[in-house]
Amino acid sequence: SNGFLVKYSNNSVRPFSIILGWISNVRAGSFTSQGNHIKSSTRLVAFNTDQADLITDLSSSLSFSLSDLITDLDFSPFDDNLLATCSADETVKLWRVCEPEQEQPGGAEVTLCPGEGRLELVAFHPTSSGLLAVGSTKTAQLWDTRRQQSPLAALEPHGDQLQSLSWKQDGSLLASSCKVSQSYNIQSNSVSSCVSLQSAQGLQSNKDSRILWVKDSDHILTTGFDQMRGREVRLWDSRKMGSSLGSANLGTSNGTLMPLFDPDSGLLTVSGMVRCSLLSPLTDSMKAAVSHCLTEAPTRGVAMVPKLALDVLSCEVMRVLQLTDSFIVPINYHVPRKEFHADLYPDTLGRTAAMSAAEWWKGLKSPCSPPPPSLSLPLSPSPSLPPSPPPPSPSLPLLLPFSLSPSLPLLPLSPSPPPPSPSLPPSPPPSLSLSLPPSLPPSLPPSLPPSLPPSLSSSSLSLPLPPSPPPPSPSLSSYLSLPLPPSPPPPPSLSPPPPPPSLSPSLPPPPPSPSLSSSSSLSLSSSSSSLSLSLPPSSSSLSLPLPPSPPSPGPSSKFRHLQGAVLHRDTHFTNLKGLNLTTPGECDGFCTNRHRVAVPLATAGGQIAIFELSQAGKLADTGLPTIQNSVNVADFSWDPFNSHRLVVAGDDAKIRVWQVPEGGLTETLTEPETILQGHTEKIYSVKFHPLASGLLASSSYDQTVRLWNLESGDEVKALRGHQDQIFGMAWSPDGKLLATVCKDGKLRIYDPRKSAEPVQEGAGPEGHRGARVVWVCDGKYLMVSGFDSRSERTLYLHSVESLSSGAIASAPTDVSPSTLIPFYDPDTSVVILTGKGDTRVYIFEIVPEAPYFLECASFNSSEPHKGLAFLPKTECVVQEVEVARGLRLSKTSIEPVAFRVPRVRKEFFQDDVYPDTAVWWESSLTASAWLAGSDGKHQSISLKPKDMTPVSEAPKEVQVRKYLPSSHYLEEKTDEQKKDELLSAMIGKLGNMEDNPLPQESFQGVEDDEWVSDTHTNTNVHTHTNTNVHTHIYPCSCVFQGD
């Protein structure tokens, strides 16, 4: 058995400190490459985004733009700041990542051009500096980064797509897997031996596979798919590849298994791409899984954090970074121990290369061909170290602490110094005391200034360790980071010179807990040697800056918890029959205004049913009056300024204008009020002008957009310049401009009154399946809903001022054939999107600065819907904090849906949610006036009811303490005191017996001389002188006989 358990930091109830470890605002997207899409060094994490960018630094989010999609990346094992990338443009680039405060280089440090087609894989050699293995379509090459003209060698070509590469830990062998399920082991330590030594037929599937060396042994681990699409993990002996040593089946799924192996602990982490799970089996003897971790978000990639970055004081044995669509989530593996155990942390690989690439290629090696020098793990992490620090002494293990979390560095501790001898007198306090109380956050400067000399004399700054350090509590070492000197420590016999004059400390006095104390130097002490580092004599004080505030998890929307709710069944239209489910993609499916809704029917003649919203209920089975267009309906829309006028575009290139009578249809309409003719092909869509009454725009297959004056029935403008089908169009909020999105991949903006040609043009969505466009953020941006090159539905945001620059932001949603139809609320800047046949409604708040898209809670329905249309803002119930109310069209019903913001004090008007809204259902000018050059503007009204007070003016709520003050508990009475009080209260309630006698005590009894004694029964009997009365004698009783 083993003691490795998983501690996943993304559980359902998580403290805020854990969420700070996440990296937010990540736009990972979907990738069609063989890499893991994320890699980590001890200080940096790099991942590629959906826009051919590379993000590296955790705190400052450094970004490098590349010309094409990054397919794989890898950090140098000997230099944290050296990153290699390969991309689809057939180049390999080495990037030198500078510190966040320094200026980043404008380009790559080294560029290699293998010239073998699209590059898929890149991997640094584990023991030699500057040696890279680069995988292209069907072959792999070895490159020396110092020799950029040609590769060292090109390995034997594979039969199909190369999918994975893995170096053996000692760097002598290279394993690969390809699409035809063959694994190759390549001897690559001499020119003559770069040939395939062993090959094996792996899993019988052409899907993605991965290969990995297990420790420094001859075992190889592979992942892939079997013939039944089951995901398998297999273990092989590289010396005998005829059959696998063992296998494990991990279920059926489409996600590629990405293995990560920790040679020190023997833990293997297998994560499924897209699938939200993470397995951690042991590789030795293919044991069963140690733990199975289910994650919340789909996995786009995984990476293992180097061993030197782990927090060993909390017994962390492995850390994995999960790349999701929006976050990078750290997953920590801890062993449940109460104190540090050295057996969990054997010596790990160091950071000094054993040789150069040229030496490795020549076959030079030490007698035992050792890997890089081993290091003892630090007792606390820290984020920075020199690339190749030499080991100071065999007797003093070199401690290299790192921290990968957004918190800043930790101080290295000495291995385990002996406790001070009790016989020695206590030393006087030093002239400078550096003490960091536990209340400080783990974020202080990574190192002292670079002007520190290698060694100077001063009193030593030492940090003793107790024999059993406490677990996970924040260690003192997490608050300061000082660099180790490059020179070896002086002999123990050398005594330091006397300390300099007094230095004024800038930190508070040290607490009794383990602390840092010194005037100006750092000392790592052990029983045999010590290492000191001190400040120059010119430094009179050491002042540490205040720690920065913890990183923010990212901006959030006040509508992020927006809730959608279907209203009561009494407001539904049910028993809807014959609905047309095949309307064109440019049509919204149905339309509504505040009084009535229009629904297309599948009956012949292009019929449209009209339902009055005030007459909801069960519809009649037959005899339903309709509007007959005589041709199939392409699109239709209500006039925003006339709730009785309906415009219908047909397949015959004509636009019919219908007038619905007051109270709804009582009979079938067959003759339109007006017919507009001018297009020569089928019409795509129609849009009314937002300000001018009677002004209509229509798009057609003839690749033109025409403007119509409904009052005169004439065509007034024709806009040209489109090269293909027009997917959608939208008027700007001020009514001056018209934007269109076209199948030719272009986004165009027209000023119809000035020119028939577009005034601006830019790149639109790459997909050719449909798109929509809408103006957002007061008309400063265009939001386009479309598809990317991988047929994934994506939202794009374009700046109107620089349309030709392309999208400034994007937000992928999911994969589905229908186009997302947007509804934008200018009051809240919330956009609500859904597609025909969807069951999910997406909600985003769009802001004019990064990250632009703030995702909110989505609304899900139980069955697919045909469309979603929205009512004016005045139809919302502000008492329930409704920000939008729409109608959801399903196959057999129309249901009202209210979108509400959860608020506590609903008795007040939420004026932060309801600004003054535009009266867009009233026109501000006529079509003729607009065509003549006039502009209008909508009036605004407040939605506040007269009987409600704005929440901004509401009285402040008195905060109720969750717990009583400590004085209450200190003054709490004991059980004896409570008992005495209870008795006193009972007595006080009963009252005093003397003051309140009982009623029977007031009765007059019998005189004493009236009693006689009965000697037989020894009882007293009362006698009466009246002889007519019989005297009854009762034992032990008294009887009074009256007349």
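Backbone N, Cα and C define each Cβ position, glycine as well.
As written in TrEMBL, here are the features:
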COMPBIAS  454-463  compositional bias 'Low complexity'
COMPBIAS  515-544  compositional bias 'Low complexity'
DOMAIN    553-617  domain 'DUF1899'
REGION    372-397  region 'Disordered'
REGION    411-559  region 'Disordered'
REPEAT    70-97  repeat 'WD'
REPEAT    676-718  repeat 'WD'
REPEAT    719-751  repeat 'WD'
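Helix first, then strand, then coil: DSSP counts for the repeat 'WD' (676-718) stand at 0 helix, 26 strand, 17 coil. Helix, strand and coil residue tallies for the domain 'DUF1899' (553-617), in that order: 6 helix, 22 strand, 37 coil [DSSP]. Across the repeat 'WD' (719-751), the DSSP tally of helix, strand and coil residues reads 0 helix, 17 strand, 16 coil. Outside the repeat 'WD' (676-718) by six or more residues, the chain places 584, 586-587, 634-637, 639-642, 645, 647, 649-657, 724-731, 733-735, 738, 740, 750, 752-753, 756, 920, 923-931, 935-938 with a CB less than 8 A from a CB of the stretch. Here the repeat 'WD' (70-97) has, by DSSP, the following mix of helix, strand and coil residues: 0 helix, 21 strand, 7 coil.
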